[in-house]
Structures are given as structure tokens and as C-alpha cells.
């Protein structure tokens, strides 16, 4: 005879079914986390430009570059340690930590601008959400699915910026910056709550350490370890130099370009929001449609060269362009240049041996992290060096605008970036197409002489081979095996 379930048993069953329904980690979880975080920051595009101008009326570009430069360099220093710890104790706790500290400065924009910029700089220690998200995705996808999943996460970043700046600019014009900051804060809290209550752990229990006393080796936490590995292989060296020369101007551009549009080219907040939306939509199309077609037709290396060519043209146009229509036209080229990094990632995956995927990708991540620190500071210094200041272009209240003569090179940092990308294009020409066979042969030789070490690794994911201890990248090491 079937007895009726008590309310307690019914509730327990409902909790079990709910936990089973959300207990499996999916790429969707990573997509939602990234979308909410950058949507919140996208809302603040217009208020942030206003606060930046009011807080640093003198040397604004220089201070903007220093703030973002400190944040980027701290992220570069902390990313390997956070990655190593997430390999041991799981992704969810560190994903919660990175999202919280990345979004923590948002409410301080209205509370205290000085605290806001101070917290942005310091938050770089934990502002490595993308790195943890990529490790999360690596845990739950097969190798043949990983590039598609990474592309989806990257496209989500662009999608989050399609509408949020426009929404923020409209709300700021209608109701003031305080409402925009409040809305961004609410979305950030929702993101943190989503991670805490909904996002499941991606790292299997058997691969996580239950004790908090496990020591982390310096090789795992050393941020310069990946950079020291660059010179061990000529092909990887060429790829890393290409990434450094191309991503350095991109990181600097990302930190200062919207401020440049507003203060030098004199874009309105609505125009900036529309510009971001246009570039975001075209970038999504480029990364999801054109990238796959180009990879199949012209190959990895030629796609990288094409992307670098678009980036060179875009930066040169930004550097010499002095009219709004030039920025709009160059923005369409910028969207096409967004194929460069996904193509580089695919090229690295193709060139590296199967057991060196994490090492190679870790080198690229280290280079990009270093650029995130150097690029903004370098752009800010070049703006300062060429006397591009806000007091040269801002209007004094109560006086009619004074039309100044346009400089021959309105954006010197962008021209410097174009030169860097030109050298990246030259270096990329020398990247060989058939490096994988050589790497595979070297790999097989090494495997045959270190079978016991490989067996120890398979028994414990935390074990590090004595001969290749320095070649382990903890954040990007595949934990799904």
C-alpha cells in the first residue's frame, strides 16, 4: 500500500530534483555570468566619463591610463595564483570572489569618486573573471567543443555592450547618473546571487582538495613563469611576440577610446552608445560568421594576418581621423579586426602538441595580462606627452564653444598602436604552418622517456612532473580528464 508523503519528504524530493536540474555545470552558466557583469559596467559608460572628467580635470588621459594600468598589472600578477587555487578548491568559490570584487567599485561612483577609482585599481587583484570562466568552460567541454564555447563566451562580452551603453546614456539624460549607478549595482548583485545560488561547481569532487592546507608551489603562482617559457620554442615565440605587439594597443585603446570620442572628437553620449552598439553587433557577426568561413577557406595563419591587417587600418584611421564620420567608418573595420584573437587561439591550438595545449594557451594569457597593465598606462602617457588634455577641448560654462584648429595627428597613441601592429604583421608572416608535426614528434619522444611521470599525473591531477614542472599552467590546465 502506498502511503502519502509527508510535507517534509515532499520538500526534500523537490530540493533533490531542483539540485539535479541545476547541478550540472553548463556553458550557459558561464555566458550568463559574463553577460550580467559586463552589462552592468556597460551601463556606466556615460556616468564614468563624467566622473572621470570631474575627478581629474587636469591630465585626465594620464590618470585614466594609470588607474587602468594598475588594475591590469595587478590582474596579471594575481591570475596564476587564483588559477592554481581554483584548480585545487574548485571554480565556483573563486568565480564568486572575482565577480564580487570586479563589481564592488560600482556603487562608490556616487558615494565617493576617489574611493571608486582607488577600488578599481585594487580590484585588479581579483578582477580575473574571464580567466576563471575559461577554466570553468574547459572543465565541462570536450576538446573539439572548446573553441566554439570560448567563441560563445567572447561573443557574449560583445553582446553585453550592444545595448547597455545606450540604455545607460538614455537613463542618465532623463533621470540622472544616480539611477544608472543604482541599476548597475542591482544587476551586479543579481550576478553575484546567480553565481552563489545557481552556478554549480564544474570541477569534479575527486579532483578538488578538501583540506585548505595544500601548499601552492611558486611555479604555479609565478606570473612570469609563462613568459619565461616563451623562448623555448621558436614558433611559440613568434606567436607570443605577435600577440604582444597587437594586444598592447588594443588594451590601451579599450581603456581610453570612449573618453577620446567624447572629449576630442566631441561625440555626444548618445553617439558613443550607438557607436558601441554598432561595433558590438558587427563584432558578433565577425566572430561567429566570418571567422568560421575564413578559418575553413584561408586557414588559421592567413586569418590572423587578415585580422592584423584590419587592426592596422583601423588604428591608423583612428590616429589621423579628426571627424566623427571617420570614427564611424573606422569602427566597422575595428569590428572585423576582432577576429584576430580567436584566430590566434586557434593557431596556438593547432601548433601546440596535444599535451602542451595548456602551456601554450597559458603563455598567450600571460602576454595579454601583461598588456592589460602596460597598454592603458602607455596610452595615457602618450596622450600626456602630446598635450592632449581635457582643458584643451572642454567648454567653459557660459561661453560659446571655441573651435580650435584640428591637429594633424589628433590621436598619437593610435598611430603608435598602428606601428606596433605593423611589426606584429611582419612577425606573423614568419609563423610556420607545419609546426605541429615537429612538436608532435618531440612530444612523443618526451612521452616515451617519461611514462612513469605521466602515470603519476593521471593518478593525481595536482601532481607535477619533475622534468616539466615549469611547463604547467594551472589555470588553463585541462581538468576534465
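The backbone N, Cα and C atoms fix where each Cβ goes, glycine too.
Record note: among 349-368, 369-388, 369-388 is the stretch given as transmembrane segment by TrEMBL. Checked against TrEMBL, the range among 4-26, 27-49 recorded as transmembrane segment is 27-49. Your range for transmembrane segment, going by TrEMBL and the list 211-233, 326-348, is 326-348. Transmembrane segment is the annotation TrEMBL gives to one range among 236-261, 444-469, and that range is 236-261. At the 8 Å Cβ threshold, with sequence separation of at least 6, the transmembrane segment (369-388) comes into contact with the transmembrane segment (61-82) through 3 or more pairs. When Cβ distances are compared across the two stretches, the transmembrane segment (179-199) makes no contact with the transmembrane segment (408-431), since fewer than 3 pairs at least 6 residues apart fall below 8 angstroms. Only pairs six or more apart in sequence are counted, and the transmembrane segment (27-49) with the transmembrane segment (94-111) gives three or more Cβ pairs under 8 Å, enough to call it a contact.
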